[in-house]
Structures are given as structure tokens and as C-alpha cells.
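Undergrad: Before anything else, here's the structure in question.
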Amino acid sequence: MKFAEHLTAHITPEWRKQYINYEEMKAMLYAAIEQSPSAELVEREMVTRYFAKFDEEFFHYCDKELAKINTFYSEKMAEATRKYGSLRSELTEALEMGHPKKLPAWKRRTPLGKKNVPARKIQDLKLAFSEFYLGLILLQNYQNLNFTGFRKILKKHDKLLSVDYGARWRTDHVEAAHFYTNKDIDRLIQETEQAVTQDIEGGDRQRAMKRLRVPPLGEQQSPWTTFKVGLFSGAFVVLFITVVIAAMFYGFGENWRAGMRMFRAPFLIIECLFLWGVNVYGWRSSGVNHVLIFELDPRNHLSEQNIMEVASVFGVIWACCVLSYIFCDPLGIPQYAAPLCLYTLMAAFLLNPTKTFHHEARFWAIRILIRVIMAPFCFVNFADFWLADQLNSMVPAFLDIPFLICFFGRSPTWHKAGKAASHCVEYVSLLHPIVAIMPAYFRFAQCIRRYRDTKESFPHLVNAAKYATSFFVVIFAHKYHTTTDTYPLSKENPWFYCWITAAIFSSCYAYTWDIKMDWGLFDSKAGDNRFLREEIVYSSTWFYYFGIIEDLILRFSWTLSMSLIEAGYIEGDVMMTILSPLEVFRRFIWNYFRLENEHLNNVGKFRAVRDISVAPMDCSDQTTILRMMDETDGVLNRRRGKAAGGKSATKKNKQEQRLLLQGESIEDLCS
């Protein structure tokens with residue numbers, strides 16, 4: 001692998017601009033060679049002057065790159081030093097908890113697990129040290145990659161120009177640079193390993209390193225997993241084509257609406273899951289750090305192939321169940337046993353309490369889902385409102401769940417539906433507005449909670465108003481459908497016009513918010529990226545234009561649906577079954593740009609690891625910190641109001657903000 005590819009594969013995405021610009025420097029070298037005057041056509045002195053001028057420009061560029069790297073490394077090293085001091089202080093406090101101070105120090109310093117320390121405190125310390133260690137490894141990787149980059153490019157310089165100026169410049173400047181000579185990062189890593197081994201894991205280094213280990217950057221996927229994804233995906237495609245052909249020629253029987261509603265929700269879930277896997281692949285390939293954005297464990301999380309594997313396996317099961325439903329009579333099995341079996345398997349997989357089948361990922365999903373349902377009572381993180389947005393694209397699945405509960409609760413036999421199907425259709429129509437509003441309510445409640453925590457009316461109250469418009473759309477649609485007997489013609493029904501007006505307003509509101517707020521497009525400083533933003537992650541600008549147009553079309557797809565249904569060309573259930581997968585696809589495209597926008601926010605803050613707080617923090621503290629971070633120099637200016645000893649205290653603080661000296665440990669600095 002060439003170094004340029006190695007660098008691209010191993011950089012920390014949030015620090016991308018702070019690395020050596022290896023490609024630009026290599027392009028400068030090749031351009032200089034191509035544009036150099038020919039020694040056969042001009043005097044040798046002119047060639048010498050040309051390369052001397054180029055070397056001046058090239059090494060000036062190297063100076064700028066070196067200064068950039070030194071500055072960033074020093075800032076991150078100082079940040080790591082302060083962070084370790086804080087963690088070490090919390091650990092010392094926890095170690096002394098529950099022991100009288102009169103005891104000797106060696107008796108007080110026993111492992112956390114054997115002391116009277118709250119389990120939550122121990123867990124927070126373990127997580128904080130683990131995340132801090134990851135940040136140290138990323139910084140060490142930054143140090144090594146940049147030194148290797150300078151060594152490679154200067155060696156290439158000497159080889160192409162047949163000189164040794166690059167080697168001498170490396171010796172005089174790079175090998176004497178602060179980012180290379182400073183070894184505090186190695187000492188911090190060693191002291192962190194020692195603290196976790198001795199004070200948290202009771203001297204068990206193997207267990208400590210298992211907790212701290214960082215997965216190899218650019219780790220390859222298991223060939224066995226790749227094989228299974230290909231096998232089950234191919235099988236699903238074949239079976240899906242078979243299902244379509246069988247449905248066209250044999251149909252779903254007399255109660256086709258019941259069959260359609262039974263299999264629609266699982267298909268949407270499977271489609272959504274598979275497209276999430278494609279999302280993860282796209283994010284990873286483009287350098288969007290979804291692991292950080294969702295605050296996943298960087299040492300243990302599902303890859304795109306793991307997600308696709310689960311989706312493709314359930315896709316095969318879904319197709320087999322549909323075929324069993326269609327051919328129930330020749331097979332001699334109860335017709336409605338197939339959908340019940342499908343739902344049972346999916347529920348058993350999700351709720352399986354054993355530590356099998358990606359248990360950590362499943363428990364994470366369940367925990368986030370509970371937080372979504374409890375939206376007004378929980379602090380809202382990115383994963384919470386992202387999942388709630390996904391649920392807003394799966395309203396038909398929500399509508400089918402009450403039907404299933406009613407159907408299997410009333411049906412005396414699994415062979416034939418009887419009157420249960422028609423009764424449950426009427427039953428669901430009464431619950432329709434309540435169930436349809438639920439996903440929008442979850443996001444509405446989250447926005448209100450975020451406003452309560454941050455006291456910022458924009459964007460949170462404005463975003464809440466966007467979801468509130470969905471309430472009116474559902475209510476007016478329900479009133480229209482319940483008054484069709486009173487008003488035989490739609491144009492005579494006043495609720496029809498209320499419904500249309502609310503739907504148009506809601507769609508325009510949602511589309512504008514998608515493009516401007518969620519995706520950050522139509523930036524006035526977009527420059528060459530017309531109608532987009534100044535910085536884009538994905539390689540093709542046409543992908544962004546496709547997303548803008550596709551989102552507009554699918555946001556207003558209800559107009560086509562309403563026209564065809566009102567004209568009597570198609571049944572409502574059939575139209576919903578066709579449009580529901582398209583809405584999931586719209587959300588799939590939306591996910592790319594939403595996470596890109598969040599990723600660029602992290603890049604602006606150089607945030608590459610999770611911010612784990614060990615000390616308890618209430619919402620007011622968190623709100624204050626968020627506001628200070630949003631303000632220019634907000635954290636530095638927070639002491640300006642203090643009159644007594646202001647200047648001397650500032651001077652003292654500046655003296656204390658230093659890196660470790662050679663031979664000095666973190667504990668010496670904190671003591």
C-alpha cells in the first residue's frame with residue numbers, strides 16, 4: 001500500500017485538516033519536475049536557479065505544515081494532560097472513599113471493586129479511562145503518521161531532484177520539532193495503563209488491557225461474515241422475485257388486506273435495517289465517524305456487514321413466511337401461522353436476554369428506544385432523536401401493530417380469518433389518528449425537552465412546531481374520512497380542504513428544515529459547491545443534488561397517492577404498501593447528509609472521542625458548558641467578572657498551563 005493510501009485509511013477524520021498535506025506536497029514535486037526547463041535547451045545555471053527557487057517555496061510550505069502540526073499537537077497534549085489530572089483526581093477520591101484517613105496509604109489503595117464505591121462511579125471511571133486512552137492512542141498515531149509523512153515526502157524530494165537537502169532539512173527541523181521530540185504521550189499512555197491495572201482492575205494487566213485495547217485502524221471484515229452476507233442477500237433476492245410472481249398469479253386470498261398488513265411492517269423493518277448497513281458502509285468509506293456521533297463503543301460495535309447479515313437473514317425468513325402464507329393449502333399448514341411465526345422470531349431475536357446474537361447492540365437499541373418513548377423525561381442525545389426520526393418514516397408499521405394484536409386476539413383459528421379481519425379494520429380505523437401521531441409526538445417531546453435544557457427557542461421550539469404540523473395533518477385526515485357519508489363528494493367536504501392545506505404546509509416546512517437545518521445546505525458561503533455548503537464530505541456533488549430533488553419528490557408523494565385513491569384507480573392499502581418502502585429509502589438518503597452535517601460540527605471542534613464526565617453533572621451545569629463552548633472564547637472569558645486578584649490569577653493560570661517537563665510525571669504535576 002502506498003503511503004498516501006495508508007495515510008487516508010489511518011487518519012482521525014475529525015483531525016483531517018491538521019495532518020501533513022502529503023498529496024499536495026507530492027503534487028508540488030511532480031509539477032516541478034514536469035515544468036522544469038530541459039538541460040539540453042537551456043544553460044545549466046538556469047536549471048539550477050529554477051530548482052533553487054522551487055526548493056525555497058517547497059521548504060517554506062514544509063515550514064508551514066510543521067508549524068501547524070506542532071501547534072495542534074501541543075494543544076491536544078495540553079488538553080490530555082488536564083484531562084488525565086482530572087481523571088486521576090476522581091480516581092484518588094474514589095480509592096479513598098469509605099476508608100478512614102488515619103489508615104496507611106497502602107491499606108487505603110485497594111482495587112475499586114473491593115471497596116465501598118458505588119457501582120455507577122466504578123463504571124463511569126472505567127468508561128472515562130477507556131475513552132481517554134483511545135484519545136491518547138489517536139494522538140500517538142497522529143504523531144507517528146506525520147513524522148512518517150515528512151520522512152517519505154523529503155525522501156521523495158531528494159530522489160526526484162538528486163539532492164540531499166530533504167534529508168538535511170528533516171534532521172534540522174522535523175527531528176528537532178516539538179511534536180516528535182516530546183515523549184509525554186508515551187508517558188501518559190504508560191501511566192494510564194498502570195492506573196487502570198493497579199487501581200481499577202486490581203493488578204490484572206490482561207483484564208486492564210482488554211478494556212483499554214484499541215482495535216487496529218482499518219481492520220478488515222471477517223471473510224466468513226462477507227460470505228454469509230452474500231449468501232443470504234442472494235437468497236433473499238431470488239425469494240423476493242418468487243414472492244412477487246406468486247402474489248401476481250395466486251394472490252393473498254380473499255382477505256388480502258389482512259395478509260398485506262401482516263407482512264408489511266416486518267418488510268419495512270428489514271429494509272430499514274439493510275439500508276442502515278449501507279449507510280454505515282458509506283459513512284466509513286467517506287470518513288464520517290458514525291461511531292463517535294452515536295457514541296458507540298469504538299472497541300465493540302457492529303460493522304456494516306454485521307447489520308446487513310441480520311437484515312438478509314430475516315429477509316429470507318420473511319420471504320419464506322410469505323410463500324408459506326400464499327401456498328398454505330398445498331402445504332397443509334395454517335395460513336396465519338406463518339406471520340405469527342415471523343413476528344415471534346423477530347421479537348425473540350430483539351428481546352433475547354442471553355449474551356448471544358450481538359447482545360450489546362440489541363440492548364443498546366432497546367435502551368435508545370425506551371429513551372425515545374420516555375422523551376420528555378430524559379436528556380436527549382443524538383442517537384435518541386436520530387432513532388425517533390427513523391420511526392417517523394415507519395408510520396405504516398405502527399399502524400399495522402394494533403391490527404395484528406386485534407386479529408390474533410380475536411381469531412379462533414389460524415386457518416381462516418373469519419370476521420376477525422373486517423372487525424379489526426374498523427377497530428384500527430378508530431385508533432389510526434392516535435397511532436399515526438405517536439412518532440411525531442416523540443420528536444415533538446424531544447424538542448420541548450431540549451428547549452427546557454438549553455433555553456434556546458431556536459432551533460428547538462421551531463423544530464417542535466414542524467412536528468406539531470403533523471398532528472393537524474392526521475387530525476384533519478381522520479375528520480375527512482369519518483365524514484365521507486355526510487359529504488359524498490370530496491369537494492363538498494370542508495375537512496378535505498383543511499387536510500390538503502395542512503399537508504402542503506407540513507411538507508414545505510419539513511422539506512425546508514431537511515435541506516437548510518438538518519443537512520446544512522444552501523449555505524451563502526458555499527463557493528464552488530453551488531447551493532450546497534463550503535465543505536462537503538462525499539466525493540460527488542451530484543449526490544447532493546440528487547438528494548435535494550429526491551427529498552422534494554418523496555416529501556410530496558402523498559399528492560400522487562391522494563389523487564389516485566380519490567380517482568378510484570388504486571386501493572389505499574396498496575398505495576400505502578408501495579409508498580412506505582420509498583419513504584424508508586428517502587430516510588436512507590437523509591441519513592447520509594444528516595450525519596455528514598453532524599460530523600462537520602465535530603471536525604470544527606476537533607472532537608474525536610466521546611466526552612465522558614465522571615463527576616455528577618446536572619442539566620444546568622451541562623447547559624452552561626454547552627453555551628460557553630458555543631461562544632467565542634467563552635470558556636476563557638468566564639472569569640472576567642472577578643475583580644479581586646483578576647490579573648494575578650490569570651497570570652498564575654497561564655503559568656500552570658504547561659506541558660510535562662522531561663522526566664516529570666503527571667502525578668508530580670497534579671500534586
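Using N, Cα and C of the backbone, Cβ positions are placed for all residues, glycine too.
From Swiss-Prot, here are the annotated features:
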| type | residues | note |
| --- | --- | --- |
| TOPO_DOM | 1-228 | topological domain 'Cytoplasmic' |
| DOMAIN | 2-218 | domain 'SPX' |
| REGION | 152-159 | region 'Important for inositol polyphosphate binding' |
| TRANSMEM | 229-253 | transmembrane segment |
| TRANSMEM | 256-287 | transmembrane segment |
| TOPO_DOM | 288-300 | topological domain 'Cytoplasmic' |
| TRANSMEM | 301-328 | transmembrane segment |
| TOPO_DOM | 329-334 | topological domain 'Extracellular' |
| TRANSMEM | 335-356 | transmembrane segment |
| TOPO_DOM | 375-379 | topological domain 'Cytoplasmic' |
| TRANSMEM | 380-413 | transmembrane segment |
| TRANSMEM | 416-455 | transmembrane segment |
| TRANSMEM | 457-488 | transmembrane segment |
| TRANSMEM | 492-519 | transmembrane segment |
| TOPO_DOM | 520-538 | topological domain 'Cytoplasmic' |
| TRANSMEM | 539-570 | transmembrane segment |
| TRANSMEM | 571-609 | transmembrane segment |
| TOPO_DOM | 610-671 | topological domain 'Cytoplasmic' |
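Provide an account of the burial state, proximal residues and distances for the features listed.
TA: Predicted-model confidence for the topological domain 'Cytoplasmic' (1-228) is 85, expressed as mean pLDDT.
Helix first, then strand, then coil: DSSP counts for the region 'Important for inositol polyphosphate binding' (152-159) stand at 8 helix, 0 strand, 0 coil.
With a threshold of 8 Å between CB atoms, the same-chain residues lying at least 6 positions outside the topological domain 'Cytoplasmic' (288-300) that come near it are 13-14, 130, 134, 213-215, 279-280, 282, 360, 364, 381-383, 386, 537, 595-596, 598-599, 602, 607-610.
Tertiary neighbourhood of the transmembrane segment (301-328): same-chain residues 221-222, 225-226, 228-229, 232-233, 235-236, 239-240, 242-243, 246-247, 250-252, 259, 262-263, 266-267, 269-271, 273-274, 276-281, 284, 291, 334-339, 341-342, 345-346, 349, 358, 361, selected by CB-CB distance under 8 Å and a gap of 6+ residues from either end.
Helix, strand and coil content of the topological domain 'Extracellular' (329-334), in residues and according to DSSP, is 3 helix, 0 strand, 3 coil.
Listed by sequence, the residues of this chain that lie at least six past the ends of the topological domain 'Cytoplasmic' (375-379) yet keep a Cβ under 8 A from its Cβ atoms are 388, 442-443, 445-446, 448-449, 453, 619, 622.
Beyond the ends of the transmembrane segment (457-488), by six or more residues, the same chain brings 429, 432-433, 436-437, 440-441, 443-444, 447-448, 450-451, 495-496, 498-499, 502-503, 505-506, 509-510, 513, 517 to within a C-beta distance below 8 angstroms of the stretch.
Tertiary proximity for the transmembrane segment (492-519) is limited to same-chain residues at least six positions away from its ends with a CB under 8 Å from its CB atoms, namely 459, 463, 465-466, 469-470, 472-473, 476-477, 479-480, 483-484, 486, 547-548, 551-552, 555-556, 558, 590, 593-594, 596-597.
Per-class residue totals from DSSP over the topological domain 'Cytoplasmic' (520-538), listed helix then strand then coil: 0 helix, 0 strand, 19 coil.
Nonlocal intrachain contacts for the transmembrane segment (539-570), taken as residues 6+ away from its ends with a CB within less than 8 angstroms of a stretch CB, comprise 286, 490, 503, 507, 510-511, 514-515, 519, 521, 529, 531-532, 576, 579, 582-583, 585-586, 589-590, 592-593.
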Undergrad: Treating G and I as helix alongside H, and B as strand alongside E, what does DSSP give for the topological domain 'Cytoplasmic' (288-300) in helix, strand and coil?
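TA: When I sort the residues of the topological domain 'Cytoplasmic' (288-300) into the three classes, I find 4 helix, 0 strand, 9 coil.
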Undergrad: Compare 256-287, 335-356, 571-609 by their Cβ pairs under 8 Å to the transmembrane segment (380-413) and return the stretch that comes out on top.
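TA: Per the Cβ count, the answer is 256-287.
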Undergrad: By Cβ distance under 8 Å, which residues at least 6 away from the ends of the transmembrane segment (335-356) in the same chain are close to it?
TA: 253, 259, 262-263, 266, 269, 310, 314, 317-318, 321-322, 324-325, 328, 362, 365-366, 404, 407-408, 411, 414-417
Undergrad: In the same chain, which residue numbers or ranges, 6 or more beyond the ends of the topological domain 'Cytoplasmic' (520-538), come under 8 angstroms Cβ to Cβ?
TA: 282, 286-288, 544-545, 548, 592-593, 596-597, 599-600
Undergrad: In the topological domain 'Cytoplasmic' (375-379), how many residues does DSSP assign to helix, to strand and to coil?
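TA: The topological domain 'Cytoplasmic' (375-379) comes out at 3 helix, 0 strand, 2 coil.
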